[in-house]
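Copied over from Swiss-Prot:
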TOPO_DOM  1-44  topological domain 'Cytoplasmic'
TRANSMEM  45-65  transmembrane segment
TRANSMEM  66-86  transmembrane segment
TOPO_DOM  87-122  topological domain 'Cytoplasmic'
TRANSMEM  123-143  transmembrane segment
TOPO_DOM  144-164  topological domain 'Extracellular'
TRANSMEM  165-185  transmembrane segment
TRANSMEM  188-208  transmembrane segment
TOPO_DOM  209-231  topological domain 'Extracellular'
TRANSMEM  232-252  transmembrane segment
TOPO_DOM  253-276  topological domain 'Cytoplasmic'
TRANSMEM  277-297  transmembrane segment
TOPO_DOM  298-318  topological domain 'Extracellular'
TRANSMEM  319-339  transmembrane segment
TOPO_DOM  340-359  topological domain 'Cytoplasmic'
TRANSMEM  360-382  transmembrane segment
TRANSMEM  386-408  transmembrane segment
TOPO_DOM  409-412  topological domain 'Cytoplasmic'
TRANSMEM  413-433  transmembrane segment
TOPO_DOM  434-453  topological domain 'Extracellular'
Amino acid sequence: MYIQMTDGVPPPPEQSSLDHRIDELERQKEIDDWLPITSSRNAKWWYSTFHNVTAMVGAGVLGLPFFMAQLGWGPGIAVLILSWIITLYTLWQMVEMHEMVPGKRFDRYHELGQFAFGERLGLYIIVPQQIIVEVGVCIVYMVTGGQSLKKFHEIACQDCSPIRLSFFIMIFASSHFVLSHLPNFNSISGVSLVAAVMSLSYSTIAWTATAAKGVQEDVQYGYKSGTTASTVLSFFTGLGGIAFAYAGHNVVLEIQATIPSTPSNPSKGPMWRGVVVAYVVVALCYFPVALVGYGVFGNAVLDNVLMSLETPVWAIATANLFVVMHVIGSYQIFAMPVFDMVETFLVKKLNFKPSTVLRFIVRNVYVALTMFIGIMIPFFGGLLAFFGGFAFAPTSYFLPCIMWLLIYKPKRFSLSWWTNWVCIVLGVVLMILSSIGGLRQIIIQSKDYSFFS
């Protein structure tokens, strides 16, 4: 903006400062209109439903019977229900805190963290954990997509020569070299809808096909491990496996940012409606698969319940194909906040001009990087079970409670105060125990790990 001068006399400093401020606001608006999280705010409430379902229901749902076997009936059902309740509560907290400051929206998890913990500390606490979860999940989904494609190929073409997993990961990644150029959350709503439907579909196939098989002869529900130490460590692994199945909080504020908001109709109303429906869908996916799978196969169930089913072949093949379609959408949901972080850093800190070329380079590099790591370390999911424990538990179970206590300061020993502290303690215990179990799994499985398999 040019500063006008009258009779050779510059405007007063106050006017120059105002003009500079207006320029900054205009530039900020231009950037916000380009960034993926804030560029579109016209989402409907049901968008949040399938975004949350896609983010939360991963292919790990097929491993729930295996984790139930490590916990047993009583503890398994308790963890399944308690995790559902706690994460629904912490998700409600985040939805409420999105617009707690009148006239301001915390569109990103780290923005809420900065408000609660301070500008610098909030970044240091939130961003590393978000990156671990979001980038880690994207890598795992690269491998999962490739593995499911490989399994589908093996079933559909049993006489074909075996093909390395690496090539199936490349095939899976090719879809993301295209889809990753969709600019924002609203533009991937169709992909997310398909993914949400697929998650419900393959979960339904898994538990109905298992139920049709009937309870196996000589089924046993006791702990499978031989020693007490092994049983306890397996218990820790199962605890983390079930609890982290609900860890979708890393993208909830970014999803809510796409919903329009006015003082009379804030975004928390439609967002919460979508979250409740999403959690009903999640329960319809998780509970039948976990309970029916464990009930039919007992402690002999494999870590993917589909692998415990030998027939019908068509159902197993179809379910694997549905898994591929689901993790395509899930990858995009978790990649979008990463795109936003990187693109924000480039245009705000390094002063790159917002452009299609910049976006093209950033997103292709990210997809290529996650693909390469997935090919190089196809056992990355096992590593994430350990390292992810330090990020999944905080971001989903107790960081929202800590921020709630810091911001709202509920009266000591009130119901809100007690509820949040109970969630914090349980979350910290979960983080420690599940990480111990994850480390044990790495040690056990390390002999089977191979790079570039």
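Cβ coordinates come from backbone N, Cα and C, glycine included.
Counting residue by residue with DSSP, the topological domain 'Extracellular' (298-318) contains 13 helix, 0 strand, 8 coil.
The stretches the transmembrane segment (165-185) and the transmembrane segment (386-408) are not in mutual contact, being linked by fewer than three Cβ pairs under 8 Å (pairs 6 or more apart in sequence). Here the topological domain 'Cytoplasmic' (87-122) has long-range neighbours at 37-38, 130, 246-250, 252-254, 256-257, 261, 263, 266-268, 271-272, 275, 279, 337, 340, 395-404, 406-407, 419, 423, meaning same-chain residues at least 6 beyond its ends whose C-beta is under 8 angstroms from one of its own.
Long-range Cβ contacts of the transmembrane segment (232-252) within its own chain (Cβ-Cβ under 8 Å, at least 6 residues beyond either end) map to 51-52, 55-56, 58, 60-61, 63-64, 66-71, 75-76, 79-80, 83-84, 87, 90-91, 94-95, 109, 129-130, 133-134, 223-225, 275, 282, 286, 290, 333-334, 336-337, 385, 388-389, 392-393, 395-397, 400, 430, 433-438, 440-441.
Taking residue pairs at least 6 apart in sequence, the transmembrane segment (123-143) and the transmembrane segment (360-382) share three or more C-beta contacts under 8 angstroms. Most Cβ pairs under 8 Å to the transmembrane segment (123-143), among the stretches 45-65, 188-208, 277-297, 319-339, 386-408, belong to 386-408. Ranked by number of Cβ pairs under 8 Å to the transmembrane segment (66-86), the listed stretches 188-208, 277-297, 319-339, 386-408 are led by 277-297. Averaged over the topological domain 'Extracellular' (434-453), the predicted model reaches a pLDDT of 78. Packing against the transmembrane segment (277-297) from elsewhere in the chain are residues 46, 48-50, 52-53, 56-57, 61-62, 64-69, 73, 76-77, 80, 84, 88, 91, 196, 199-200, 203-204, 206-207, 210-211, 213-216, 219, 221, 242, 245-246, 305, 308: each is 6 or more residues past its ends and has a CB under 8 Å from a CB in it.
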